[in-house]
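Participant: Sharing the record's features from TrEMBL:
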TRANSMEM  21-39  transmembrane segment
TRANSMEM  59-78  transmembrane segment
TRANSMEM  99-120  transmembrane segment
TRANSMEM  140-162  transmembrane segment
TRANSMEM  174-193  transmembrane segment
TRANSMEM  199-222  transmembrane segment
TRANSMEM  243-268  transmembrane segment
TRANSMEM  288-310  transmembrane segment
TRANSMEM  322-342  transmembrane segment
TRANSMEM  362-385  transmembrane segment
TRANSMEM  397-415  transmembrane segment
TRANSMEM  421-439  transmembrane segment
């Protein structure tokens, strides 16, 4: 009788049905994202007790921090895709070595970004055009957050490494403890020690540092069957070049995309607090809905990368097809509910007739494009997961800078805030079609890694 699978064990994608494998990898990612949302809400909750000025600081700084999160996320795709493809090839040593080489590369990059960010923090906050007293608080908050940037990069990267190997549960377990740590430390640092806004940032650093430290220990100890060795940290520029060729396009693409959303927010802001509030409610709900698509997308990328590594191209295609059908159908069902019950959802947050009207408009229009966005997410996860990040970056850039931002600037002049929503629909559907073309005709089924050990033997 086969032993029962422990929660911390990897998913062997070659031994389980594709649909089961997708869900086994996806559900921990979805719950991890949900915990990340709770993590962010915790700071807002406690800072709200200090007053509107302190409460606004994380909101002001978030677009800047989100750029850094996007950079970290991009390099996690490099770690995940390389580990997954080597795992599929049966090259465990190269999988572990690629993880080590990704870690040292990302460590130096995060250190450089941290130093540059600390130097330019005042200028970055100035872009947000806030009042002088809030500006000073925001700069201090940002600087403290930046000191913990290596922890943020480590969290994202090591989670990607384990995900590529087939274990997405360990990130969920550690994120749970990070959230609990943050909930405990926030009131202590904010109120008891009386550090205020800086206390919230300090609690974030400590909880992230603890998360990253335990993650690193598990990776170095090999307790879960995947271990990096000290000898693997000796710089090998064949691996480093590959890390940069995969990670840089993904990081830059996602960072530029993150910056683009600040432009969109600034356009929305011109329509006043009623539209901002209605858009804010809709966007929050959208973010929660697409967590399912994001989880399925990352799971798809990890599975497909292993199949590509093993040269099981038919299974790779079948994985994308099944993930697309499941995700599109699920999000379509949720979108129908949003279309008909958007009024009650908006009313739950803000019981203001004008805001409710904007919220209803948002849900009736934007919900139409959510299934297409979720399908795009699956295709993008496939491209990033297999290391073909130039194609995914092209889709990112075209969707936001080629279509959405220009259309918003044009259509908002004619249709007001509804023009923004129309632009979101058009850009989501267009990006889905473009990403589909890359999946249909692109080279994503080709490996991006090499068996360096075998190459040396042949010499």
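Even glycines carry a Cβ here, placed using N, Cα and C.
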Participant: Hey, would you say the transmembrane segment (21-39) packs against the transmembrane segment (174-193), going by three or more CB pairs under 8 A that are 6+ residues apart?
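Facilitator: Between the transmembrane segment (21-39) and the transmembrane segment (174-193), contact is present.
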Participant: Given the cut-off of 8 Å on Cβ pairs that are 6 or more apart in sequence, determine whether the transmembrane segment (397-415) and the transmembrane segment (243-268) share at least 3 such pairs.
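Facilitator: Since 3 or more Cβ pairs under 8 Å link them, the transmembrane segment (397-415) and the transmembrane segment (243-268) do come into contact.
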Participant: Taking the transmembrane segment (59-78) as the first stretch and the transmembrane segment (322-342) as the second, find out whether 3 or more Cβ pairs fall under 8 Å, excluding pairs closer than 6 in sequence.
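Facilitator: Per Cβ check, the transmembrane segment (59-78) does not touch the transmembrane segment (322-342).
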Participant: Who are the long-range neighbours of the transmembrane segment (199-222) in its own chain, taking Cβ under 8 Å and residues 6 or more past its ends?
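Facilitator: Answer is 39, 43, 46-47, 58, 99, 140-141, 144-145, 147-148, 150-152, 154-155, 158-159, 161-162, 170-171, 174-175, 177-179, 181-182, 185-186, 188-191, 193, 228.
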Participant: Can you work out which residues elsewhere in the same chain, 6+ from the ends of the transmembrane segment (243-268), have a Cβ less than 8 Å from its Cβ atoms?
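Facilitator: Long-range Cβ neighbours of the transmembrane segment (243-268): 63, 66-67, 69-75, 77-79, 81-82, 98, 101-102, 105-106, 275-276, 279, 384, 387, 389-390, 392-393, 396-397, 399-401, 404-405, 408-409, 412, 417, 420, 448.
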Participant: Which sequence positions outside the transmembrane segment (140-162), separated from its termini by at least 6 residues, show Cβ-Cβ distances below 8 Å to it?
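Facilitator: Here the qualifying positions are 32, 57-58, 61, 64-65, 68-69, 71-73, 75-80, 83, 99, 102-103, 106-107, 109-111, 113-114, 117-118, 121, 124-125, 168, 170-171, 197-198, 200-202, 204-205, 208-209, 211-212, 215-216, 219, 224, 226.
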Participant: For the transmembrane segment (421-439), find every same-chain residue at least 6 residues outside the stretch whose CB is under 8 Å from a CB in it, and list them.
Facilitator: 320, 361-362, 365-366, 368-370, 372-373, 375-376, 379-380, 382-383, 388, 391-392, 394-395, 398-400, 403-404, 407-408, 411-412, 415
